[in-house]
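What Swiss-Prot lists as active site, proton donor/acceptor is ASP147, and the listing cites sequence analysis. Residues annotated as Mg(2+) binding site in Swiss-Prot, with sequence analysis given as evidence: ASN9, GLU388. The feature ATP binding site is assigned by Swiss-Prot to LYS16, HIS207, LEU208, GLY209, ASN210, GLY211, ASP282, CYS283, ARG284, GLY333, ILE334, GLY335, GLU336, ASN337, with sequence analysis given as support. Residues or ranges marked as substrate binding site by Swiss-Prot on the basis of sequence analysis: ARG88. Residues or ranges marked as site 'Transition state stabilizer' in Swiss-Prot: HIS179, ARG240.
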Amino acid sequence: MSKLVLILNCGSSSLKFAILDPATGEEKLSGLAEAFFLPEARIKWKLNGEKGNADLGAGAAHTEALNFIASNILTDELKNSIAAIGHRIVHGGEKYTQSVIVTDEVVKGIEDAAQFAPLHNPAHLIGIREAFNAFPHLKDKNVVVFDTAFHQTMSEEAFLYALPYSLYKEHGVRRYGAHGTSHYFISREVAEYVGKPADQVNAIICHLGNGGSVSVVRNGQCIDTSMGLTPLEGLVMGTRCGDIDPAIIFYLYKTLGMSMEQIEETLVKKSGLLGLTEVTSDCRYAEDNYDNASKPEAKRALNVYSYRLAKYIGAYMAVLGDDHLDAIAFTGGIGENSAHVRELALNHLKLFGIQIDNERNLAARFGKDGVITTDDSAFKAIVLPTNEELVIAQDTARLCF
C-alpha cells in the first residue's frame with residue numbers, strides 16, 4: 001500500500017477525520033466523532049465503503065476519539081501505511097502564508113492566533129497534542145494547513161480597516177479571511193476547467209455552506225475576500241450575521257442592555273438564516289418554503305442571503321477591472337446543491353451580461369459539476385465540488401514524503 005495521510009479537523013466538540021492517498025486522491029477512511037463532553041458522545045465512519053458507528057462513552061472527547069480510531073477502526077495494514085498527519089487550522093494570522101511542519105514555534109504561533117479564532121484554534125491544538133500521543137512515531141510528520149494562508153497575498157488596500165493604523169501594527173487588526181484551503185482548490189479547478197495555467201486564472205469563488213465566503217482571484221492569487229478579522233464578517237451565513245453596521249453593537253449594549261457575551265452569541269449563533277427565519281439555519285427550509293405564503297420568513301431569508309451574495313460578486317467583478325473574469329465558481333454545501341440560491345444571486349447580475357441556464361443549473365447538483373450559464377452569457381458560472389481534504393493531504397505529503 002502507498003504512503004497515506006491521516007487528516008484531522010478538530011472542532012471544540014467534534015473531530016472530523018479521513019485517510020487519503022495524496023497521489024491518487026482515493027479516500028480510504030472518513031468519519032466524524034461528535035457530541036464531545038456529552039453523554040451521547042459518538043463516532044461514525046466509513047472504511048473501504050463499509051459504514052460503522054459506536055458510542056464513545058459519556059463525556060468522551062478528542063483523546064478518546066483518536067484512541068478509538070487508532071485501536072478500533074484502523075486495520076494494522078492501514079495504520080502502518082499512515083506516513084504523516086495533516087491538520088486543518090482555521091487561523092494562522094499574518095505569520096503563516098503556507099503549510100508547515102509542526103514545531104514548538106508553530107504551536108506558539110497557533111496559540112497567538114487563537115485570539116482571532118477562540119473557538120477553533122484551541123481545539124486544533126488539542127488535536128495536534130492528541131495526535132502526538134496516539135501516533136508517537138509520527139511526531140515529526142505532523143503538518144498544519146492554514147485556512148488563512150491563501151488570502152495572505154491581499155494588498156493593504158484590501159486587508160486594512162479604516163481604523164487607527166496602530167491597531168493593525170500593534171495588535172494585528174486586519175482582514176485575514178477564511179476557507180482559504182477551499183478557495184485555493186477551486187481556483188485550480190477553475191483553471192483546469194477553462195484550460196488556463198493556475199497562475200493565470202481570474203475567478204470569483206463562492207464557498208457557501210453553514211459558513212460562507214467569497215474571494216476574488218487574479219492570476220491565481222487571492223486579492224480580496226469577504227471574511228475579515230474573524231469568520232463573522234461578510235455574507236449571510238447559517239447562524240452568523242455577516243456584514244452589519246458596527247453601531248448595532250452599541251445599540252444592543254446601551255439601549256437594550258445586552259451584555260457583550262449576549263451580543264456575541266446573538267451575532268455568531270442566533271443570526272444569519274436562523275435569525276431571518278427564526279426557525280432554522282438550514283438553507284433547505286428557506287428553499288422548500290420559498291413560495292409558501294404561510295411561511296414568509298423563508299422567502300425573506302433566501303432573498304436577503306442571495307442579495308448579499310450578489311453584492312459581493314458584483315463588487316469583486318469591479319475589483320478585477322480590466323482583467324478578464326474566467327468564471328464565477330460555486331462550491332460548498334449550499335453552493336454545490338442550491339440551484340435556487342445560484343439563480344437568485346446571478347439574476348441580480350444581468351447588467352454584466354450574465355445569463356443563467358435553468359436546465360444546466362438544475363443538473364449541476366448533488367456532486368455533479370458543470371457550467372450553469374448559457375453559451376452566450378458574458379461570463380461563465382460553474383459549480384465545482386470542493387475537496388479541502390485533498391489539499392491538506394497533498395500539502396502534507398509535499399512536506400513529509
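Positions of Cβ are set from backbone N, Cα and C atoms, glycine also.
Fair warning: this is a prediction, and the values are worked out from it, not measured in the lab.
The recorded positions near ASN9 (Mg(2+) binding site), taking a 10 angstroms Cα-Cα threshold over the set LYS16, ARG88, ASP147, HIS179, ASP282, ILE334, are LYS16, ARG88. Sorted by the number of other CB atoms within 10 A, the recorded positions ASP147, ASP282, GLU336, GLU388 start with ASP282, the lowest.
The closest partner of ASP282 (ATP binding site) among the recorded positions, by CA position, is ARG240; the full candidate set was ASP147, HIS179, ARG240. In this structure, the C-alpha atom of ASP147 (active site, proton donor/acceptor) lies 16 angstrom from that of ASN210 (ATP binding site). Summarising the environment of LYS16 (ATP binding site), the number of other Cβ atoms within 10 Å of its Cβ, over all protein chains shown, is 16. ARG240 (site 'Transition state stabilizer') has its Cα within 10 Å of the Cα of these recorded positions: ASN210, taken from LYS16, HIS179, LEU208, ASN210, ILE334, GLU388.
HIS179 (site 'Transition state stabilizer') is 12 Å away from ASN210 (ATP binding site) when you measure Cα to Cα. Long-range neighbours of ARG284 (ATP binding site) (same chain, six or more residues apart, CB within less than 8 Å of its CB): none. Counting only same-chain residues six or more apart in sequence, the Cβ atoms lying under 8 angstroms from the Cβ of LEU208 (ATP binding site) belong to LEU235, LEU309, PHE330, THR331, GLY332, GLY333, ILE334, GLY335, SER338, VAL341. A distance of 9 Å separates the Cα atom of ARG88 (substrate binding site) from that of GLU388 (Mg(2+) binding site). Neighbour density for ILE334 (ATP binding site): within 10 A of its CB lie 26 other CB atoms from the protein chains shown.
Shown are the binding-site residues ASN9, ASN210; of these, the residue with the fewest other Cβ atoms within 10 Å is ASN210.
Proximity of HIS179 (site 'Transition state stabilizer') to non-local residues of its own chain (separation of 6 or more, Cβ distance below 8 Å) is seen for ASP147, HIS207, GLY211, SER213, SER215, MET227, GLY332, given in sequence order.
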